[in-house]
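This report refers to the structure that appears directly beneath it.
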Amino acid sequence: MEVLEGLYYSKDHEWVKVEGDKVYIGITDYAQHSLGNIVYVELPEVGSELSAGDVLGVVESVKAASDVYTPVDIKVLEVNNSLVEDPSLINNDPYGSWMVIAELKDKSQLDKLMKADEYRKFLEEE
């Protein structure tokens, strides 16, 4: 499983990429691999304000449906509609296939997430 440096990871297998006061959020390589071929993606409304732990969207594969949670408090600025049109993009490039770009409400919440090394150890224990 690929784990990229420079990202933050949640125990629910979401990744967060920080660029200034904005964050990109998607699901990890482990998550897409566990789900299998992704056939449907549901994204939040632009402007939605979500707290850490809230459902960000839904990803469905031929074998399972899984809620995607926001790991941090956010306001959704943009959604990646290309994933709705072609959900398999997540299988092909999980770290390039962000689900939302959002305003990060509280940067200190990033400290509760795992860095790449911690996430790799977490996966070994899964």
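Cβ from N, Cα, C; glycine included.
Pulled from Swiss-Prot, these are the features on record:
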DOMAIN    22-103  domain 'Lipoyl-binding'
MOD_RES   K63  N6-lipoyllysine
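The C-beta environment of K63 (N6-lipoyllysine), restricted to residues of the same chain at least 6 apart in sequence and closer than 8 Å, consists of L35, G36. Broken down by DSSP into helix, strand and coil, the domain 'Lipoyl-binding' (22-103) contains 16 helix, 35 strand, 31 coil.
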